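TrEMBL has this to say about the protein:
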{"type": "REPEAT", "residues": "10-48", "note": "repeat 'HEAT'"}
{"type": "REPEAT", "residues": "164-202", "note": "repeat 'HEAT'"}
{"type": "REPEAT", "residues": "203-241", "note": "repeat 'HEAT'"}
{"type": "REPEAT", "residues": "242-280", "note": "repeat 'HEAT'"}
{"type": "REPEAT", "residues": "281-319", "note": "repeat 'HEAT'"}
{"type": "REPEAT", "residues": "320-358", "note": "repeat 'HEAT'"}
{"type": "REPEAT", "residues": "359-397", "note": "repeat 'HEAT'"}
{"type": "REPEAT", "residues": "398-436", "note": "repeat 'HEAT'"}
{"type": "REPEAT", "residues": "437-475", "note": "repeat 'HEAT'"}
{"type": "REPEAT", "residues": "476-514", "note": "repeat 'HEAT'"}
{"type": "REPEAT", "residues": "515-553", "note": "repeat 'HEAT'"}
{"type": "REPEAT", "residues": "554-587", "note": "repeat 'HEAT'"}
Amino acid sequence: MAMVDEPLYPIAVLIDELKNDDIQLRLNSIRRLSTIARALGEERTRKELIPFLSENNDDDDEVLLAMAEELGVFIPYVGGVEHAHVLLPPLETLCTVEETCVRDKAVESLCRIGSQMRESDLVDWFVPLVKRLAAGEWFTARVSACGLFHIAYSSAPEMLKTELRSIYSQLCQDDMPMVRRSAATNLGKFAATVESAYLKSDIMSIFDDLTHDDQDSVRLLAVEGCAALGKLLEPQDCVAHILPVIVNFSQDKSWRVRYMVANQLYELCEAVGPEPTRTDLVPAYVRLLRDNEAEVRIAAAGKVTKFCRILSPELAIQHILPCVKELSSDSSQHVRSALASVIMGMAPVLGKEATIEHLLPIFLSLLKDEFPDVRLNIISKLDQVNQVIGIDLLSQSLLPAIVELAEDRHWRVRLAIIEYIPLLASQLGIGFFDDKLGALCMQWLQDKVYSIRDAAANNLKRLAEEFGPEWAMQHIIPQVLDMTTSPHYLYRMTILRSISLLAPVMGSEITCSKLLPVVVTATKDRVPNIKFNVAKVLQSLIPIVDNSVVEKTIRPSLVELAEDPDVDVRFYANQALQSIDNVMMSG
């Protein structure tokens with residue numbers, strides 16, 4: 001192709017590819033827009049590429065999404081901030097499409113571009129765009145407009161600011177619930193840019209409208225706005241305007257709204273200060289903890305620790321603890337599970353006396369819960385209680401529950417407990433572990449379920465890492481080696497797996513003296529599955545032991561296995577011999 005035509009080439013290819021039926025080609029060309037823009041240069045990008053993209057009426061959402069994303073970082077390719085406004089038309093079109101994720105991405109890109117534009121350009125280009133979208137015939141345009149006000153507002157002159165506030169107010173009363181939802185979602189961002197004089201008048205009246213909306217989906221988004229607005233207002237205004245709304249919302253007829261309040265309540269406590277929290281928000285929170293909808297109780301129970309941190313211990317014991325006791329025997333397992341996952345955090349807040357008197361009985365009732373998730377949530381957070389009440393008290397009350405879980409008839413419960421054992425071991429210390437949990441760890445190696453046996457072998461390795469090789473030499477290795485003569489070949493396989501995992505932790509000397517002889521003996525096993533696993537284990541031991549041991553002990557065993565009648569045994573033995581040769585050659 002002649003040099004003269006060279007600059008035309010990228011745009012021609014782009015046009016061809018964007019009209020191609022293959023969506024992947026169209027996507028690739030959109031993702032390469034920055035490269036094409038660099039090839040075209042800034043001026044031609046502005047004059048040819050961007051107008052072409054504005055007219056490109058691709059109907060595939062994936063392509064449009066990629067385009068919305070690319071245009072957000074396009075300012076350098078059109079000649080910098082002074083030309084940023086040329087990127088607005090294609091994005092404005094994308095703000096009106098039907099697919100939500102495309103619109104959201106277009107709004108995000110417009111916000112990114114708008115935040116870099118010069119003030120005069122914002123007034124000339126960006127504010128009119130927001131007004132056009134807000135007056136759009138299709139609700140999609142109006143939904144997108146709500147997300148742009150906070151960028152447009154701050155640089156607008158006084159007249160325009162008044163107009164923007166009144167447009168936003170109209171959007172909050174739009175006929176379409178989707179538009180009102182978007183206005184409610186973005187109210188916090190918009191309010192953050194509005195001057196404090198108008199915050200109390202205009203914004204609060206808008207907020208008031210949203211809180212009385214007949215659609216619960218709009219009201220629950222207004223709840224989210226409560227926390228954002230609460231942070232902007234002075235505490236006394238917050239008490240006057242936001243607090244009554246929240247108290248009403250906590251009794252809303254829609255459980256979804258109450259659910260949102262339960263999630264947001266502790267953030268509002270920070271906004272209104274300690275006194276109103278005690279008089280108004282604590283009763284509201286107690287109501288939510290006793291709500292008749294399980295979902296609301298779950299949300300409230302999940303925030304119980306955060307809420308208690310804001311209150312004094314006396315208040316927490318007086319008001320919140322009675323509810324917590326009720327929740328610990330709630331009819332819904334999900335409520336109990338949510339409570340179990342956070343209740344441990346209450347121990348440091350309440351202190352030692354109150355924890356022993358009030359919380360410990362609740363922990364124990366949750367540890368005996370019929371649902372394993374509830375019990376496991378308690379066990380996984382034990383360290384927080386351990387710091388408060390000490391190991392002795394904890395172990396007396398805790399052990400029976402752990403033993404019960406370790407022998408649960410559901411293998412997934414046993415599996416989850418095994419995964420917590422190293423954590424428990426490090427929390428509860430070596431002495432406690434040896435007395436109480438050591439036997440359990442060995443018992444799991446002979447479980448009927450493979451996943452449990454495998455996890456038990458991994459567990460031994462993690463314990464050896466936690467407590468060190470000397471401890472493992474005394475407490476793990478002898479018991480493991482005793483089990484090598486188990487009559488069942490599956491259990492013998494688990495022992496081989498344990499040995500291959502423990503060897504790297506135990507080091508060369510113990511591996512040679514204790515572990516290797518057991519593996520070599522197993523080469524004489526009558527079950528082929530054992531023998532080819534022996535070959536794999538021997539291969540894993542090669543890097544751990546000295547070369548002399550490899551030549552004297554490992555190689556002869558593998559040579560013998562390489563002549564085994566079973567094809568798999570021969571295959572793995574030859575593979576291991578090959579890796580010995582590789583090590584020798586590289587060494």
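Glycine is no exception: its Cβ is also placed from the backbone N, Cα and C atoms.
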- Message: Restricting to the repeat 'HEAT' (398-436), what is the model's mean pLDDT?
- Response: 73
- Item | Long-range Cβ neighbours of the repeat 'HEAT' (281-319) (under 8 Å; 6 or more residues past either end) | 243, 246-247, 250-251, 255, 258-259, 261-263, 265-266, 268-270, 272, 274, 326-327, 330-332, 334-335, 338-339, 341-343, 345-346, 349-351, 354, 358
- Message: Please report, as numbers and ranges, the same-chain residues at least 6 past the borders of the repeat 'HEAT' (10-48) whose CB is under 8 Å from any CB of it.
- Response: 56, 58, 60, 62-63, 66-67, 70-71, 73-74, 77-79, 83, 86
- Item | Residues from the same chain, set at least six apart from the ends of the repeat 'HEAT' (476-514), whose C-beta lies under 8 A from its own | 441-442, 445-446, 450, 453-454, 456-458, 460-461, 463-465, 469, 521-522, 525, 527, 529-530, 533-534, 536-537, 540-541, 544-546, 549
- Item | DSSP-assigned states of the repeat 'HEAT' (10-48) in counts, ordered helix, strand, coil | 33 helix, 0 strand, 6 coil
